[in-house]
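Structure record follows, encoded as structure tokens.
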Amino acid sequence: MNKGWLELESDPGLFTLLVEDFGVKGVQVEEIYDLQSKCPGPVYGFIFLFKWIEERRSRRKVSTLLDDTSVMEDEVVNNMFFAHQLIPNSCATHALLSVLLNCGGVHLGPTLSRIKEFTKGFSPESKGYAIGNAPELAKAHNSHARPEPRHLPEKQNGISAVRTMEAFHFVSYVPIKGRLFELDGLKVYPIDHGPWAEDEEWTDKARRVIMERIGLATAGEPYHDIRFNLMAVVPDRRLKYEGKLNILKMNRQTVLEALQQLIRVTQPELIQAQKSTDGQSTEETKSPAIKAPVSQESHRAHHGSHRSTTDLGAEPAGSLLRGPVLSAHNKSKPLPQNGGIVPAPASRLPAFLDNHNYAKSPMQEEEDLAAGVGRSRGVPPPAPDTDEEEEEETENVRRPLTPPGFKRRSSESLPPPPGPEPGVLAEKLKETQRDLCSPLSIKTGAPTAPHSQPSPTPSNESTDTASEIGSAFNSPLRSPLRSANPTRPSSPVTSHLSKVLFGEEEPLSRLDCVRYNRAVRELGPHISTGILHLSKDGYLSPLSRLDTGKVSPKSHKAEEPRESPEPDSERNRVTEAPQGEKFSPKELLALLKCVEAEISASEACLREELEKRKKFKIDDQRRTHNYDEFICAFISMLAQEGMLASLVEQNISVRRRQGVSIGRLHKQRKPDRRKRSRPYKAKRQ
């Protein structure tokens with residue numbers, strides 16, 4: 001029982017893989033580098049490594065030293081999972097079990113659930129024997145340890161093997177029933193550090209206790225000693241980012257539906273035009289003379305969809321009219337009622353939505369492009385009614401080479417611009433629904449999208465290890481309200497839309513757009529934590545859960561375009577808007593940009609977590625691999641080539657020149673610095 005347990009290193013990747021081998025799901029281990037910074041997010045417990053003062057850490061005898069903070073009540077001690085360490089080198093597993101088996105809401109798996117149920121009410125000594133009699137724990141423990149040497153070196157005279165080895169020990173800090181406990185398997189009783197204040201978290205008190213302990217051990221110099229290490233047991237961040245991505249994608253679909261509904265409300269005359277063009281498309285597609293130009297134009301549009309938005313904007317308007325004329329048969333049809341997908345060989349989108357994909361992430365767009373899914377382009381029929389914004393849109397489309405600073409704002413005599421149609425976002429919504437139904441997949445080997453945020457830590461995939469990546473506690477995510485920062489690359493979809501609709505890209509990319517944009521200010525904090533709801537009347541509202549479990553929406557309505565109200569400098573927190581408040585298209589586009597920025601940031605964080613798991617496994621394989629066979633084969637090859645003897649002789653001669661004795665270590669004789677009595681001189685000259 002007490003033989004065969006190996007020492008484990010203090011590495012967060014090792015402990016994360018050990019937790020998975022125990023059968024626990026949804027838990028990982030992170031390393032803490034700064035004790036003065038607050039730990040974001042929930043923390044199940046801390047694992048603290050320090051240098052053990054006694055001669056042997058893995059001794060059978062448990063320390064009997066007691067102090068005022070020791071909890072000696074059997075009822076309290078037996079109701080928590082506190083086990084004596086009766087097995088050498090098992091302190092890492094003891095510390096990890098002390099955290100996992102004392103916190104609720106964790107999927108322990110069959111092995112730990114059976115141990116927790118079996119040892120309920122046992123004494124600490126009995127729980128220690130239960131850990132030693134669990135072969136699953138011993139197997140998982142030793143699978144992540146370095147292999148021990150087969151032949152131990154001979155004991156050298158005059159040197160104590162115990163005193164020369166530095167022993168380290170793991171302990172746990174866990175919150176139990178409102179009090180902070182320190183669980184040390186080499187002590188008889190757990191240590192109670194008391195409750196924490198009402199205005200702080202338990203992690204704040206634990207950090208203070210650990211800092212005081214480090215300060216006492218290092219004579220007041222806590223940051224000049226590397227004999228300590230602190231790790232935190234936290235929820236799995238992969239599950240966190242996956243859930244956040246699902247919520248963001250559903251909210252993106254809701255915003256797109258709000259835009260589509262806004263088009264139907266503001267321009268109802270286009271509904272009849274859409275129906276008439278749909279009827280013409282069914283008749284024209286029957287003739288084979290029209291099918292060939294349509295297929296050629298679709299093929300040409302598919303190859304042209306790979307170009308950037310700058311190239312599309314710089315293309316003259318006359319070039320769009322070359323080739324076969326596509327009148328009305330290549331318009332996108334509205335979304336069918338049964339949820340099916342209507343095949344559109346040459347889908348038509350308006351100018352401000354052309355060649356963009358709302359419903360897919362950058363990595364999924366690459367997959368679609370590789371599969372041959374393309375977008376066709378064409379010129380829509382002009383709408384009879386125009387306003388100032390539509391004239392700006394027409395000017396941007398027909399004069400793409402004009403610099404943004406010299407664009408005309410006044411209304412001029414221009415041809416009627418193409419107006420948005422009711423089926424503008426139908427195809428985008430269908431693709432969004434397919435995206436929501438498909439399982440979430442992140443390609444870790446794919447190149448990073450231009451508008452996705454890279455990892456702040458530079459890394460080389462071939463050489464960096466997981467321990468060099470850093471901790472997630474030191475790199476907090478941006479809040480939704482900060483996603484409009486110009487340092488973050490904007491989405492090509494919303495930037496092109498804002499450039500076409502409003503004449504310039506700057507308003508939606510400036511930092512102060514958060515002040516005057518009501519949609520981002522009021523719905524921005526909810527896009528990654530809650531689901532947005534769109535009613536039939538056009539009210540866009542976040543769903544807030546009440547104590548009864550019901551969901552109540554806070555209504556904000558998307559209505560016809562109008563200027564946003566003046567910013568309120570004193571309004572720093574999200575408040576409930578009055579009933580019937582309306583959002584303009586500019587505000588909805590800004591909200592859409594905020595959602596897309598959060599999706600890009602979450603995908604980058606999820607990709608980074610997956611890369612960390614890969615490097616954890618690489619480090620573990622390097623650590624546990626047995627290199628003895630390779631070394632023996634290499635030495636035998638040197639002996640066969642006749643090079644071994646010369647190398648050994650050369651190495652010995654180098655050591656002799658450096659003054660290092662080859663044989664038995666001799667105790668160096670120190671010079672005698674004692675004061676010697678001088679002979680008394682009787683006579684003085």
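Any Cβ shown, glycine's included, is placed from N, Cα and C.
Listed in Swiss-Prot:
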ACT_SITE  His169  active site, proton donor
COMPBIAS  273-282  compositional bias 'Polar residues'
COMPBIAS  385-394  compositional bias 'Acidic residues'
COMPBIAS  450-496  compositional bias 'Polar residues'
REGION    272-347  region 'Disordered'
REGION    363-425  region 'Disordered'
REGION    440-496  region 'Disordered'
REGION    543-580  region 'Disordered'
REGION    659-685  region 'Disordered'
SITE      Gln85  site 'Transition state stabilizer'
SITE      Asp184  site 'Important for enzyme activity'
Between Gln85 (site 'Transition state stabilizer') and the residue listed as 'active site, proton donor', find the distance joining the two CA atoms and give it rounded to the nearest Å.
11
State the count of C-beta atoms found within 10 angstroms of the C-beta of His169 (active site, proton donor), not counting that atom itself.
21
Run through the Cβ atoms and count how many others sit within 10 Å of the one on Asp184 (site 'Important for enzyme activity').
23
Around the Cβ of Gln85 (site 'Transition state stabilizer'), the count of other Cβ atoms that are within 10 Å:
26
Asp184 (site 'Important for enzyme activity') to His169 (active site, proton donor): how many Å between their Cα atoms?
9
